[in-house]
Amino acid sequence: MGGWQTAPRLLLILIASFVLQIWASDPLFYESFDETLDGRWIVSEKEDYTGVWKHSKSEGHEDYGLLVSEKARKYAIVKELDEPVMLKDGTIVLQYEARLQNGLECGGAYLKYLRPQEAGWIPKEFDNESPYTIMFGPDKCGSTNKVHFILKHKNPKSGKFIEHHLKYPPSVPSDKLTHVYTAVLKPDNELRILIDGEEKKKANFLSADDFEPALIPPKTIPDPDDKKPEDWDERPKIPDPDAVKPDDWDEDAPPEIEDEDAVKPEGWLDDEPEEIDDPEATKPEDWDDEEDGEWEAPKIDNPKCEAAPGCGEWKRPMKKNPAYKGKWHAPLIDNPNYKGIWKPQEIPNPDYFELDKPDFEPIASIGIEIWTMQEGILFDNILIASDEEVAESYREKTWKPKYEVEKEKQKAEEAAADGPSGFQKKVFDGLYKIADIPFLGAYKIKIIDIIEKGEKQPNLTIGILVSVMVVIATVIMKILLGGKKPAAPAKPTTETKGDAATEADVAGSSAEKEEENEKEDASAPRPRRSTRRET
């Protein structure tokens, strides 16, 4: 009889276990965007949010998502959950897909998991002031490039909600493919951030090394009422009060003086000006002396000066003054009154509290509130689950097939555009190693400049390689010839270079041309007004 009584109990246990497994395998919230947004996602009616949301297909797929359709706009949309999601017990997984179809130079693609709002709040009033529990996702602009994770946590002493930012978050993928972002919150206070299922960051909610500011405040703080004593000396060194300026120290001596040993070069043309009127210039026919003033021919370099060492009044060059010492200062000595850098005394922190686990607020709504300079951001497959395996199964089912198709398409487009192939990458890697060779140190910047231009224009790989080899050959020639310049080759009159070599030469010589142009600009005479009329 005992066995018959035990059987129903075992059956009930099995049924309960089966139901529990089914419950655990279901997400707490899931949005696939297969259906239209009407009545389910509410667009903010605040006047700042003029961006238009669209229910649109992901480029190249039949899968729908929530699309940011216009650039340089603020966007806000929110979805209220049927039941608040509690975060205090057990594992919670936050996951969603985002595709930056036109890239992301400046803007956000993150979600806000809102806590319960104040009484009377309606979704149409959703804005950046609506309080959230967690903010999670990509944000990129200027020096900012991170996948945010921000927790708003309530200080039980002060009652204030404080934003706690994850330190050293992962960077945002730079391509235009669909990526899936996952945050796993564990009951042991562990946080894991995954991108495309790969762990990028692990942290502990209670560690001061992982969040700024730390969830648990410091036990002591600097006393705000403590003041530095007036006689507190923070100078480690002071001028020697006993030092005296030497008698022969001349503070008025100039840093440069004329070189008395310099001699005017033979053939210097004292009476010839450096510039002369252009003999071929003629006064424009429509020039009116009364309106335009007296016409003057533009100046050109004096051809007589080209063959001579110089023209005009000769002046001795300047040289460094050996007697120059500058302003005298007393030498520094150790400060006998030095007390170190002053700090206020520490006092007990009135806001300090101890914590075993974060006191998470429930998630009552999911909102997207962003400002972006790029359109084409597509959100899809937003998931909240209590089981990591559920999140993984959704990644495999909804994200991975799309990603693999997009990846193959990207490879095909790169190949069609003749982008950097495996061979080209090896060539560029080799060239970077060549640039680090010690005897090429003086030319390193120039070589790297050539390589970087080649990476942007992969079709010039061979030309770039030739340009770098020319630089190396030039250095070797200088070493072999003792620094003498080889004779300049005659300019070709009929032969033309191939396109790749020509473009490579242009890329390789850009730094030289800029330097030559700067010299020409500095030395070129300022032409006189010849044809412009003044009114």
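Note that Cβ sites are derived from N, Cα and C of the backbone, with glycine treated the same way.
Quick look at what TrEMBL lists:
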type     : residues      : note
SIGNAL   : 1-24          : signal peptide
DISULFID : CYS106-CYS141 : disulfide bond
REGION   : 206-313       : region 'Disordered'
COMPBIAS : 222-247       : compositional bias 'Basic and acidic residues'
COMPBIAS : 248-261       : compositional bias 'Acidic residues'
COMPBIAS : 268-279       : compositional bias 'Acidic residues'
COMPBIAS : 286-295       : compositional bias 'Acidic residues'
TRANSMEM : 460-481       : transmembrane segment
REGION   : 485-535       : region 'Disordered'
COMPBIAS : 526-535       : compositional bias 'Basic residues'
What is the Cβ neighbour count of CYS141 (disulfide bond) at a 10 Å cut-off, with all protein chains included? 14
Cβ-Cβ under 8 Å from CYS106 (disulfide bond), same chain, 6 or more residues apart: which ones? LYS140, CYS141, GLY142, THR372, MET373, GLN374
So which residues does the compositional bias 'Acidic residues' (268-279) touch in its own chain, when a touch means Cβ under 8 Å and the partner is 6 or more beyond its ends? 296-302, 304-305, 308-314, 525
